[in-house]
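Chemist: What follows is a structure written as structure tokens; I'll ask about it next.
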Amino acid sequence: MSKIVKVLGREIIDSRGNPTVEAEVHLEGGFVGMAAAPSGASTGSREALELRDGDKSRFLGKGVLKAVEAVNGPIAKALLGQDAKDQANIDKIMIDLDGTENKSNFGANAILAVSLANAKAAAAAKGMPLYEHISDLNGTHGQYSMPLPMMNIINGGEHADNNVDIQEFMIQPVGAPTLKEAVRMGSEIFHHLAKVLKAKGMNTAVGDEGGYAPNLESNAAALAAIKEAVEAAGYVLGKDVTLAMDCAASEFYNNETGNYELKGEGKTFTSQEFTHYLEELTKQYLIVSIEDGLNESDWDGFAYQTKVLGDKIQLVGDDLFVTNTKILKEGIDKGIANSILIKFNQIGSLTETLAAIKMAKDAGYTAIISHRSGETEDATIADLAVGTAAGQIKTGSMSRSDRVAKYNQLIRIEEALGSKAPFNGLKEVKGQA
């Protein structure tokens, strides 16, 4: 009953108004899975390739008809008659057929959309929720947890049209007893932050990930505004709520000078100086997690940063590791960072994503399931976070349906699983248990 009878791809629109790939996988018995590939703005140079058409007469060159053709042509032909329950085989067929290291023939956007749609179809055929099927694929049947959200309530960098260099300023409602209560706390703080910003005469328009995107005098000013909002909402920073940042430092790294240039503050730092700049912010604002605190190729700098901060806070590799087990293994061997951000379109298939999560956990690293800045209503990452018991999720702010869709799916899953999926709060963050 799980034999593939049809694979269909189409071009749809993501949350930035750009095209992306959506795929359907149809099985015997009428079971169907549908999924869409997300898209990043600040991307690691070693990510799997997102195939775009380059035809300037359509979508300013960002069309994905070539990727869709790959789904409807060679991928569909190769998968017809295959068993959808054998996810590893489905992904291997597509990867082998593509034949490139970075999936540049078909595009990671094509392969991933089919990979996820296949998992959804297989779950339907098994008569179970997607998170349960993912738990089976992960070899951890029935081992669930609800993830601690990282809520990006001030957007900067490549995600916003403002003068703030650091890309994401996030809250983590660590004191909540449940995921649903964590969402409530995040929502309250989000609305109080709007009041704080308006009182300062600042803009409350939102960026790509649903957080506010005001012009600010410094990165510290963003943290100070959030601290004020946390307290206005009746919560205690460091007890009820902790802070996290995604620097996306590759975006303000000067390749010629080797320095980090915070243009919003008019400051320039060497690699070690920037680590100490971050160290001061962590002390002042009780930050427990920093992502991509240096340029993705600054491995010596990351080794130093891990030495200085790695036993105190979570140091997350995103552009650094790009959900790639080869790169992650090198990082683990060299003692670089202590956590990995998991974005399945960086690697391009569900099987490879699960392998990266397993490698991280086996090495004592945390794994944070993440959206991309270009999203759709597809909420697969919610099921992925629960089904792998990853422990943390990063899926934007408390506005924009492309972000809220994931929180709403998590609320539904928590309701269904109850005590089978505990919410562990701060214990999930590396160095904070």
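Cβ atoms are placed via backbone N, Cα and C, with glycine included.
Annotation source Swiss-Prot lists (2R)-2-phosphoglycerate binding site at Gln167, Lys343, Arg372, Ser373, Lys394. Under the heading active site, proton donor, Swiss-Prot lists Glu209. The annotation Mg(2+) binding site is assigned in Swiss-Prot to Asp246, Glu291, Asp318 on the grounds of sequence analysis. Marked as N6-acetyllysine by Swiss-Prot on the basis of experimental evidence: Lys326. Annotation source Swiss-Prot lists N6-(2-hydroxyisobutyryl)lysine at Lys343. The active site, proton acceptor annotation in Swiss-Prot covers Lys343.
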Chemist: Work through the recorded positions one by one (Glu209, Asp318) and point out the residue whose CB has the fewest other CB atoms within 10 angstroms.
Modeler: Asp318
Chemist: Just name the winner among Gln167, Ser373 (the binding-site residues) by count of other CB atoms within 10 A of its CB.
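Modeler: The residue with the most neighbouring Cβ atoms within 10 Å is Gln167.
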Chemist: Roughly how many Å lie between the Cα atoms of Lys394 ((2R)-2-phosphoglycerate binding site) and the residue listed as 'N6-acetyllysine', rounded to a whole value?
Modeler: 23
Chemist: Drop a 10 Å sphere on every Cβ of the recorded positions Lys326, Lys343, Arg372, Lys394 and tell me which sphere holds the fewest other Cβ atoms.
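Modeler: Counting other Cβ atoms within 10 Å of each of the recorded positions Lys326, Lys343, Arg372, Lys394, the minimum falls on Lys326.
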Chemist: Tell me the Cβ neighbour count for Asp246 (Mg(2+) binding site), meaning other Cβ atoms within 10 Å of its Cβ, over all protein chains shown.
Modeler: 29
Chemist: Rank aside, I only need the closest one: which of the recorded positions Gln167, Lys326, Lys343, Arg372, Ser373 has its C-alpha nearest to that of Asp318 (Mg(2+) binding site)?
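Modeler: Closest by Cα distance to Asp318 (Mg(2+) binding site) among the recorded positions Gln167, Lys326, Lys343, Arg372, Ser373: Lys343.
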Chemist: Rank aside, I only need the closest one: which of the recorded positions Glu209, Asp246, Glu291, Lys326 has its C-alpha nearest to that of Arg372 ((2R)-2-phosphoglycerate binding site)?
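Modeler: Checking each of Glu209, Asp246, Glu291, Lys326 against Arg372 ((2R)-2-phosphoglycerate binding site), the shortest Cα distance is to Glu209.
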Chemist: What whole-number Å value do you get for the CA-CA distance of Lys326 (N6-acetyllysine) and Asp246 (Mg(2+) binding site)?
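Modeler: The separation of the Cα atoms works out to 23 Å.
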